[in-house]
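> Here it is, the structure, as structure tokens.
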Amino acid sequence: MQQSKNLQRLLRALSRHGLQVNYENRTYSVSLQSVNAATAEVLLPEGFPVEAKAFKQLANLANIRHPGGGCVTHTCATPDFHPGDAGVAIGSVVQTKGMVIPAAVGSDINCGMRSHVVDLTLEQFLQKRDRFVELMKGDYFFGTRDVTMTAKTSRALFQYGIPGWLDEMLDTPTGSFVKSNFDQLSGEIDRVYLGGSMNGAIKWAPEELIPDEGVVRDGGLGTIGGGNHFVEIQVVEAVEDRATAYLWGVREGQLAFTIHSGSRNVGKYIGGMWRDLAKAAWPKGYPYPDYRLFPLSVEANPELVRNYLEAEATAANYGFINRLLLAELLRLRLREVYGDIEAPLVYDLPHNITLGEKRITHGKLTKEDLWVTRKGACPAHFGQPVIIPGSMGATSYLVVGKGNQAFCSSASHGAGRLKSRFEMSRRGAIHTEEDLGLIGVDCITLREERRIEEAPAAYKPIQPVIDIQVEAGMVSVVAKLKPILTFKG
DNA sequence: ATGTGC
């Protein structure tokens, strides 16, 4: 098979890091010489360079094991694969047995996507666009909407996620704007991954957010955040799977909105705390794992593993509710400006999280200390809705999972970065709308450099990234969402 | 990812 220069360079880089690669039918099957004999599955779009550093990080991840028991059993790289700052490549999926690696999820716990459709045409939307934008700028950037809650409600948020938080909210004097739409919010719980509820615990939350009594005013809740996070108004441009789109309530020509955000400072706090705790628990006398990705062993330290998963769940619950509030703020303003329109949830899912994996062993569904950590990768179980954004200002895809076992039922979480933020923002670099790939997209932000750093031109084109995942049987396309207006934190 | 850093 004829191979491009990029590909040859890539294969050499892979072999330097102990990865042996077969390239066939546009997919790479990779055998990985890791101490754990872990397998690897790598899927990359042709014609785009992938940094050797990302593969070094993948090989390193596959080699992690705990002296007290626990190892990596399988790794994957999704086609938006690129190096990560914290030693783990974005687009990595890692399956572990008998251990978890807190640093593999890192700080951005339950970063994820949420999409709604809106019964409004583009023309109707544009007529009152200015008023709507001013109201949203207030809510997202200046906190005009009061999202205070009682101490009890805030504690329920961390412990139970969406359902427990909603129940508690109903009984408190605060949060009137959530209570006013309680029935719809409750009815949408089954369209959130895991019902928006994980087994958290109050004690892992930042102290100032869990007082014994009184009121909590959390400036982080209902905010977009930085990096690649955004909230975007879109149009359902094309429906490619009519039956599934109908089931999900998605129709061509409708307006839609999509949210990309996570657990903000709470994830940073909990992720950072456990990076330190995992280091402190590393057995004395053993060399540190590269990039300091310290695992926690079930056999050596069952309590620590339980606590970490509980702490991660605590931040994840906050992430689910942050996205819910971002959506609810927007939905309320839509109704305020455009009348009593429907804007139902399509789906909400995380792409940065550790989940216990159920396996079928001897015909029985079991959980045997086996986890899958997805770092910038979506779960994509059979029939499950998946939201894959390109970047802000680029087409987002609603796809349906195919449960591809080689990829631990996963899909990419985006297109993958092509140019660093620094590269985009340096002086003399391209700045016209055309060069940024932002033609016809209205970017609302308080900081102009964000518009440049996160422009579509900083990312790979999304289409080949989707195509190769369809070919590999990971997902199939349901609908495409074309951006109109982006709120950028 | 993070009221970040070049």
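From the backbone N, Cα and C atoms, a Cβ is placed for every residue, glycine too.
Curation does not apply to TrEMBL; its annotations are automatic.
Summarising the annotation, TrEMBL assigns active site, GMP-histidine intermediate to A:His413. Taken from TrEMBL, the feature Mn(2+) 1 binding site applies to A:Asp108, A:His229. Among the features that TrEMBL reports, GMP binding site is placed at A:228-232, A:351-352, A:389-392, A:Ser396, A:413-416, A:Lys488. The Mn(2+) 2 binding site annotation in TrEMBL covers A:His260, A:His351.
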> Do you see any of the recorded positions A:Asp108, A:His260, A:His351, A:His413 whose C-alpha is within 10 Å of A:Val231 (GMP binding site), and which ones?
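Passing the 10 Å Cα cut: A:His260.
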> Sort A:Ser391 (GMP binding site) into helix, strand or coil using the DSSP assignment.
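Once the DSSP labels are grouped into three classes, A:Ser391 (GMP binding site) ends up as coil.
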> What is the Cβ neighbour count of A:Ser391 (GMP binding site) at a 10 Å cut-off, with all protein chains included?
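Neighbour count, Cβ to Cβ under the 10 Å cut-off: 27.
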> Are there binding-site residues among A:Asp108, A:His229, A:Asn352 that sit within 10 Å of A:His413 (active site, GMP-histidine intermediate), Cα to Cα? If so, list them; otherwise say none.
A:Asn352
> Where's the emptiest Cβ shell within 10 Å among the binding-site residues A:Asn228, A:Asn352?
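Comparing Cβ neighbours within 10 Å for the binding-site residues A:Asn228, A:Asn352, A:Asn228 has the fewest.
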> What is the number of other Cβ atoms found within 10 Å of the Cβ of A:Val231 (GMP binding site)?
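If we count other Cβ atoms within 10 Å of A:Val231 (GMP binding site), we arrive at 25.
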> Just to be sure I understand: of A:Asn352, A:Ser391, A:Gly416, which binding-site residues have a C-alpha no more than 10 angstroms from the C-alpha of A:Asp108 (Mn(2+) 1 binding site)?
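A:Asn352, listed in sequence order.
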> Over all shown protein chains, what is the count of other CB atoms within 10 A of the CB belonging to A:Asp108 (Mn(2+) 1 binding site)?
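A 10 Å sphere around the Cβ of A:Asp108 (Mn(2+) 1 binding site) contains 26 other Cβ atoms.
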> Compute the C-alpha separation of A:Ser391 (GMP binding site) from A:His260 (Mn(2+) 2 binding site), stating it in Å without decimals.
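Cα-Cα, rounded: 10 Å.
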> Among the binding-site residues A:Asn228, A:His229, A:Asn352, A:Gly416, which ones place their C-alpha within 10 angstroms of the C-alpha of A:His260 (Mn(2+) 2 binding site)?
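Cα within 10 Å of A:His260 (Mn(2+) 2 binding site): A:Asn228, A:His229.
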> Can you count the other CB atoms that lie within 10 A of the CB of A:His260 (Mn(2+) 2 binding site)?
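Looking across every protein chain shown, the total is 27.
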